[in-house]
Amino acid sequence: MKSFAFLSLLASLPVLTLAVSIVEPAVAKPVKRDWPDLDAFLTEVAELFSDITTDDFSDALTNGEAALATLFDIQTTQNLGSGCDDVTVLFARGTFEPGNVGALVGPEFFDALSSMLGSSKSLGIQGVDYPASIEGTNEGDVTEGETMARNITSILSSCPSTQLVLSGYSQGAALVHNAAVDVGSLMSSVAAVVTFGDPDSSTPVAGINPSKVLIICHVGDVVCSGYPVITPQHLTYAVNADEAASFVISQLS
């Protein structure tokens with residue numbers, strides 16, 4: 001079946017991980033979890049996005065992710081409560097993703113991080129409320145970077161003791177870069193940064209030690225080279241959820 005061939009391809013994909021330098025480690029075998037089962041999730045991704053085209057992918061992405069969210073009961077919207085958590089993740093979803101955290105990457109990353117934190121630290125999640133439209137990609141996300149910057153300022157002002165993690169996928173990764181420039185010295189208060197499918201992967205995140213930054217890009221994902229073309233490699237960053245969560249854990253005090 002096409003889905004099994006696709007999964008075999010995924011298993012063989014090398015990963016570019018940008019931190020201090022570019023390396024090509026083997027993809028770690030993900031830890032199995034009941035929600036969502038990674039093999040089942042990626043099988044559905046392969047099926048739902050098999051007919052995606054570069055000419056008009058908005059409907060395919062929107063409808064496909066809505067189907068994924070329904071099938072796996074994924075929360076695509078996350079907002080902080082009234083209290084302060086030990087760890088706070090501020091996440092910017094990719095273009096056309098539903099809610100404020102999407103379905104392809106964010107929820108899987110949050111689930112992995114929550115599992116690794118266990119009961120040792122509380123976890124709060126806030127999605128960046130921005131349009132995530134193709135126009136934002138064309139305009140370089142400058143305005144929406146300011147939106148994320150306001151979120152950063154608000155969180156650190158309200159909860160100065162929280163360990164803030166900035167993360168984003170695709171266009172959302174570009175927001176992280178722009179927000180970092182906007183907040184300037186406040187980046188010294190950020191515990192870690194993780195981006196997936198980052199169109200600005202060759203640009204360091206401003207204001208923070210590179211050792212606190214993990215940029216994950218699949219080989220073959222041309223979005224990471226700045227080309228707005230969606231390939232299968234751009235849709236499968238759920239496979240890196242554990243890698244990203246492990247990195248964040250290593251940066252927490």
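Every residue number used here counts from 1 along the chain in the order it is shown.
The backbone N, Cα and C atoms fix where each Cβ goes, glycine too.
In the three-state DSSP scheme, Ser170 (active site, nucleophile) is classed as coil. As annotated by TrEMBL, active site, nucleophile applies to Ser170.
The Cβ of His234 (active site, proton donor/acceptor) lies under 8 Å from the Cβ of Ser170, Gly197, His218, Asp221, Val222, Val223, each of these being in the same chain and 6 or more residues away along the sequence. Here TrEMBL flags His234 as active site, proton donor/acceptor.
Cys159 (disulfide bond) falls outside any helix or strand according to DSSP and counts as coil. Marked as disulfide bond by TrEMBL: Cys84-Cys159 (among others).
The disulfide bond feature in TrEMBL is assigned to Cys217-Cys224 (among others).
Look at TrEMBL and you will find 1-19 tagged as signal peptide.
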Original post:
How many Å separate the Cα atoms of Cys224 (disulfide bond) and Cys159 (disulfide bond)?
Top reply: 33
Subject >> disulfide-bonded residues (Cys159, Cys224), the one with most neighbouring Cβ atoms at 10 Å >> reply: Cys224
Subject >> Rounded Cα separation (Å) that holds between Cys84 (disulfide bond) and Cys217 (disulfide bond) >> reply: 32
Original post:
Helix, strand or coil at His234 (active site, proton donor/acceptor), per DSSP?
Top reply: helix
